[in-house]
Amino acid sequence: MKMNLPPFIEIYRALIATPSISATEEALDQSNESLINMLAGWFSDLGFKVEVQPVPGTRHKFNLLASAGQGAGGLLLAGHTDTVPFDDGRWTRDPFTLTEHDGKLYGLGTADMKGFFAFILDALRDVDVKTLKKPLYILATADEETSMAGARYFSENTAIRPDCAIIGEPTSLQPIRAHKGHISTAVRVLGQSGHSSDPARGVNAIELMHDAIGRIMVLRDSLKERFHHDSFTVPYPTLNLGSLHGGDASNRICACCELHMDIRPLPGMTLDDLNGLLSEALAPVSERWPGRLTIFDLHPPIPGYECPPDHQLVQVVEKLLGEKTDVVNYCTEAPFIQTLCPTLVLGPGSINQAHQPDEYLETRFIKPTRELITQVVHHFCWH
């Protein structure tokens, strides 16, 4: 059956040629069903048991879990099947045609992160999965680039409990054991419109928001003072005011003002605690103006994540690569996979190429990535 598996570069080419864009805008959003079915066929050919899982609340999106081996524990290799949209005017190549030039493989998803599945398949093409002493799981998720709905749903509903997991996001083969979370929040203030010549006849939402922002700034300073993690370049939780919209004319009392902000919590900080701190900070405004201030999530929140530095997975990967683990500020699906088992983020390609025009993966990553996958599978599934 394995004779049917295409060569590495042809697997890569087929993955890139199969669009699977995730977007909040419905017109741009695409199902990943074709890509999932393609992966399902290849992993079946390698002897894996394949399960395709519809993801509720999405526009026809699916997860795939391929399983081989018996017993408990083992290794999970995970990644997402979707990409971000692309700006056609800024690409100099067809995003859906894998193009090799000057030591680089170009295409949408080459680095972030369809290519990781080509590496897994290629590393396993000569493996008899019936000889595994522990389970090997391959997880392909949906909607990482928007809501992370695939990883959320999988982690909440699966019964598998591997010994450890590796998520193949582009880290330039630098193992990552921790990252901050992300909370994207809106604060909306409702006033009462009126003619600006008589301010007493209205309630100016901008003035109420001014009060609210002042209290949010106090919270920002408090977070910086109270929470610290020396491993991060920015060692405290950040709070950013991203956009502010309110009013429609200079001679009208503003009836509505809305602030969009984000908080990037450190590992170990709970989302409930942070939401509580924000509500507490804005309580004086709410009490003075009942019913006029609301707080809501713009996107599903992502907690911070950290793999224990003394875990066997960290020690094994550091020894194999000769590289110490690091931490980053961007987010991945690791917080959700970490609820199942200790997790590292580690994969080929550079994060600097993710979400960029003419995205590429350097061919220098091909050999070491194939070797790394072979080694970790051997260590965690045959020992």
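Here the Cβ of each residue, glycine as well, is placed from N, Cα and C on the backbone.
These features come from Swiss-Prot:
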BINDING   His80, Asp112, Glu169  Zn(2+) 1 binding site
ACT_SITE  Asp82  active site
BINDING   Asp112, Glu145, His355  Zn(2+) 2 binding site
ACT_SITE  Glu144  active site
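Sequence-distant contacts of His355 (Zn(2+) 2 binding site), defined as residues of its own chain at least six apart whose C-beta falls under 8 angstroms from its C-beta, comprise Val84, Asp112. Using a 10 Å Cα-Cα cut-off around Asp82 (active site), the recorded positions Glu144, Glu145, Glu169 reduce to Glu144, Glu145. Across the structure, Glu144 (active site) and His80 (Zn(2+) 1 binding site) place their CA atoms 6 angstrom apart. The secondary structure of Glu169 (Zn(2+) 1 binding site), as reduced to three states from DSSP, is coil rather than helix or strand.
Other residues of the same chain near the Zn(2+) 1 site, with their Cβ within 8 Å of the Cβ centroid of His80, Asp112, Glu169, are Gly79, Met113, Phe116, Glu144, Ile167, Gly168, Pro170, Thr332, Gly347, Ala354.
Taking the Cβ of Glu145 (Zn(2+) 2 binding site) as reference, residues of its chain lying under 8 Å away and at least six apart in sequence are, in sequence order, Ser22, Ala23, His80, Asp82, Thr83, Val84. For Glu169 (Zn(2+) 1 binding site), the count of additional Cβ atoms within 10 Å of its Cβ stands at 28 [all protein chains shown]. With every protein chain in view, the residue among the recorded positions His80, Asp82, Asp112, Glu144 whose Cβ has the most Cβ partners within 10 Å turns out to be His80. Annotated Zn(2+) 2 site Asp112, Glu145, His355; additional same-chain residues within 8 Å of its Cβ mean position, judged by their own Cβ, are Thr83, Val84, Met113, Ala354.
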